[in-house]
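Have a look at the structure below before the remarks.
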There are 2 protein chains.
Amino acid sequence: MDEITIIEIIKKTLKYSNNYITKGIDDDCAVIKINDNLYLVFTTDMMIKKTHIPSIFKPYEIGGRILTANVSDIASMGAKPLAFLLSISLSEKEANENFIKELYTGLNDFSKLYDCPIVGGDTNKGDELILSGSAIGITDNPIYRKGNVGDWICVTNDLGRVYCALTLYYMFKDKKISNSEFKKLCEKYPKIIEKLRKPIARVKEGILMNKYISGCCDISDGLGKEIKYFKNFELYEDKIYKLIPEDVIEFCEEFNLNPIKVVLNSGEEFELLFTTSKYNKVKDIVKDYSKIYKIGKIIEKGQFIDGEQFYGGGYIHKW
Amino acid sequence: MDEITIIEIIKKTLKYSNNYITKGIDDDCAVIKINDNLYLVFTTDMMIKKTHIPSIFKPYEIGGRILTANVSDIASMGAKPLAFLLSISLSEKEANENFIKELYTGLNDFSKLYDCPIVGGDTNKGDELILSGSAIGITDNPIYRKGNVGDWICVTNDLGRVYCALTLYYMFKDKKISNSEFKKLCEKYPKIIEKLRKPIARVKEGILMNKYISGCCDISDGLGKEIKYFKNFELYEDKIYKLIPEDVIEFCEEFNLNPIKVVLNSGEEFELLFTTSKYNKVKDIVKDYSKIYKIGKIIEKGQFIDGEQFYGGGYIHKW
């Protein structure tokens, strides 16, 4: 049983809808239409300690991360985040003042950064740390995962660092490198570790580019999985190389990794993947916040990378 | 460490807010003001298998219940539910087609009942079944947990059955009664078991009574805890007795329980507890859906039951 099969069963079973619902399952957020100029976007994201939270994470970083993961979905709709709620299951280990204070300080700091207040939640006793966030946002023009034929496919900033950071983390966790080697490598690749520990949702970018893009999603499961939402596309390796940071290239050389595969499989980057016919306009309008890079084009039919059939990538839960 | 201390730490740590937020933590829902005639209400509720889900629950009932718990918070604000999201952690035990189909059929049926479509979620692999829901609603007049001096304090329908049902369930679970005795008692007290298995959120009632009530909350942790949100009140035992159903009285006699204590400690009833100076109007306007009962009055100062200091009740998580 995998995530995709489960979601198919869920979609078939959930039949009820009404006129408010413009978009249900099948995008980063659900979209609810209040009137022609007012749409709500609504999303949820869960983090389970064992599955999603590397043990090196500080409570502050866990707090920032759950907010970022949710707000990033709002950003990918080109919407402004309005508010965030956190349901939390705490085990005895975390039910102490220090942990709670640090976790919620992370939440508070990032809520300021995103102008997205944390307005409540539900606190529960459980066997392990689980955080389940939900966020709402507002826009007059929700942006979906799609593109028009001929549009450029673009990405904000860079990709690859999170995959490298997790590679390092698992080498350490699986005892392939010692604690001191791990620390040395973290010092050698500080930006790689930072992107894992403190990813940033591209909230300002999403709002600013709203009127100039045809489609958008955030990169939470890896470009290789997310790009498929755009259905028909061609990617260009030479263009993808331009958004790979030097430290990722260096890391790939040191650990014998293919940089393109690293980029395609790097999840929880929270960069925006979007389509536009106005590349220069978008580049200019977000220039104070993010760089943007072309990586491909929307085409009539098929999924290709440099003319070859596209092989994919990204993360899928399996049971 | 208990839930109340944790929530105090959280409230102190979460400082960031903005002009959209009319109400943060401290009510059934957060309230976000879009304009003078449009408020969003936003809530989340988590169910952890070990803590919240009796093993006798069918997947269908679990689905209905998580939606009801969330939608009930929307109803208690006098708002109309708009949409619901479900994040779910599935262990290997539940990651099969039958379980998922039944769970989401329960969700779908109740979403129709409440006119609250399920618009998405997040599906994860975990060690145990955890459901975390969130719901948004809409109103021009959000109702808070408060009342004016002299207002009647009222409750919809009845209270006590859920406490009795859980008493039965724990006698069975702790092997104080056999499987066949448990079944016989379930047959003897069908409405008691039904209220545990299929509680109903009072959505229509909340919307209909909106303009005629001064305050409202739903009874999820027990009347004894919820009534304290109204700060200054006097309850009358003879009035409370009038909303206790006959089967609860009979159950209390059979198992030597105090019916008033049962009512005060009966959680997850999802009835509405509200204050009004227009009792007859409210009674009339909701008569096709629910009965309502007076149980007390808002007073100048203090918390009393029949002139004595009020002793409380209800459920608090402890670690």
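All positions are counted from 1 along the displayed chain.
Yeah, the Cβs are placed from backbone N, Cα and C, and that goes for glycine too.
From the candidate list B:Asp73, B:Asp158, B:Asp174, B:Asp284, the residue TrEMBL records in the Mg(2+) 3 site shared with B:Asp28, B:Asp218 is B:Asp73. In terms of Cα spacing, the binding-site residues B:Thr43, B:Thr44, B:Asp45, B:Gly121, B:Asp122, B:Glu268 that come within 10 Å of B:Asp218 (Mg(2+) 3 binding site) are B:Glu268. Excluding B:Asp28, B:Asp73, B:Asp218, which define the Mg(2+) 3 site, the same chain contributes B:Asp27, B:Cys29, B:Thr43, B:Ser72, B:Ile74, B:Ala75, B:Ser76, B:Met77, B:Cys217, B:Ser220 within 8 Å (Cβ to the Cβ centroid), listed in sequence order. Using B:Asp28 (Mg(2+) 3 binding site) as the reference Cα, a 10 A cut-off selects B:Arg145 from the binding-site residues B:Tyr104, B:Arg145, B:Glu268. Residue counts for the domain 'PurM-like N-terminal' (B:27-138) under DSSP (helix as H, G, I; strand as E, B; rest coil) come to 39 helix, 45 strand, 28 coil.
Applying an under-8 Å Cβ distance to chain A, the binding-site residues B:Asp28, B:Ser220, B:Asp221 reduce to an empty list. Counting in whole angstrom, B:His52 (substrate binding site) lies 11 from B:Asp45 (Mg(2+) 1 binding site) by their C-alpha atoms.
For the pair formed by B:Tyr104 (ATP binding site) and B:Glu268 (substrate binding site), distance between Cα atoms is given as 21 Å, rounded to the nearest Å. In the predicted model, the domain 'PurM-like N-terminal' (B:27-138) has a mean pLDDT of 96.
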